[in-house]
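Input: a single structure, listed below in C-alpha cells.
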Ligand code: SF4
C-alpha cells in the first residue's frame, strides 16, 4: 500500500468506525485520546481520513458479519483505495488472529484488544511516520490536550461510559468474551477516577460504569475492594454527577452495593442484572449458577433495600437442551413482572465455545420463534410498568433535541441506548430538570 505522500500534511487525520457495544466505544475513545495527545487529528468522516480504524465486534457470528461488512465498505472508500491506511482493531483480530490476517489483505495492520495501547505506533508505522517526527508531533501537543480528553470536532456529550475492568473469568459456555478479552482485570481506582474527572470536566453529567462483569470490580486487587466502595467514593466526590452501573452479574448484587445506592441520591436506583435463564439445568449447561427461586429472592432483597429500584435483565432463548417446558418456565418468570426492561437474544452457536458441542441444539427457526415470543411477552409485561409512572415526579437529564427541535433526555430509570427516552418541554441539553410524567408510549415517556 502506498503511504509515503500522505505524511506531508501537518496532523494526520484518523477516523474510527466502531462496531458493537458500549465497551467498544470506550476502547475507541481511549485510542482516540492517545492519538490526540500524540498530535493526530480525529476525523469524523472516514472518507476524509489518512487512516481509518475499524474497531470490530465478534462476540457473536452476526456481529462478526457486520464488522466484515464495515471493513469492506471502508476498504472501498476512495481515500483508502488511494493509499489511506485501513486498521482492523478490537475483537475480530483477538478472536481470529492469524486466520484473519491471511484473509484480509485490504488491511494495513491488525490491533487485537490486548494491543490497543500500541495504536499510536501502529498508525505511525502504517502511515510511514518515523520516530523523530512522532516525537515532534507529541512535543507540539504538550499541555494542549488534557489527559484522557477526547476532542471529536467539538462534540459534547452529557452522558459518558467509563470502563472499570476488562476481560472475564466466568467462562459461560456460550460466550466468546473470555477468549477475546482475556482474564478479568480491574482497572485501578486512580485510572477510573481520572477518567471520571476528565469526563466531568468536559461537562458530562452522567457516568455509566461498564465492564463485562462490573460486580467483580476490586476483587482481584491485593487489597481487595468492591464495586460498592468504588461507586460510593465516586458519588461522594462528584456529587452533582449521576452514576449508573451496568452489567452486574447476580452474585455482584451485594447488600453493601444496595445500601450504597440507597444512600446516594446521585447513584441511579437502577440495576442491570443479566440472568440469561431461570431453569437450573439450563443455567448449569450455561456454566452459570442460580434458579428461579434464587432470582425471585434476589429481586425481593433488592426491592427491600432500594424500594424505588428499576431493574433490567437479559435472557437467552433456545439454548441447547432447552425443552418446551424449560421455555415455558422462562415465559412464566417474565410474566411475573419482576423486571422493568428485558433484553432477549436467540442463542447464537459460536465456534470455540463449549456450548457449540452440546447435544440437542435447538433448530434456528425455533430459536428465532422463541426469542420473538419472549420479546412480545416482555413488551406486554414491561410497557404497563412504564405506563404506571404517569403522575410521578422525576429528574430528567436533558440530552439533546430531535430534528424537529423536541427536547429529550432520560430519567434515572432509563439507561442510555436501551430503555427509551423522556420528552420534555423546557431546558437545555446538560440541564437536569424535574418533571411530572404525563404520558407514555411503549417505552418512551413524556414529562412536563
Ligand atoms: S459473564 Fe459470561 S456472558 Fe458475560 S462476558 Fe463473562 S463469560 Fe461472557
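Including glycine, each Cβ sits where the backbone N, Cα and C put it.
What TrEMBL says about a protein is an automatic prediction, not a curated fact.
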Suppose a student reads TrEMBL and sees 57, 91 listed for [4Fe-4S] cluster 1. Which of 21, 38 should they find annotated at that same site?
21
How big is the gap, in Å, between the Cα of residue 168 ([4Fe-4S] cluster 2 binding site) and that of residue 21 ([4Fe-4S] cluster 1 binding site), rounded to a whole number?
16
Anything from the binding-site residues 21, 57, 91 with its Cβ under 6 A from ligand 1? List those in sequence order.
none
Radius 10 Å, atoms counted are CB only; among the binding-site residues 21, 91, 168, 172, which position scores highest?
91
With DSSP assignments reduced to helix, strand and coil, which class does residue 57 ([4Fe-4S] cluster 1 binding site) get?
coil
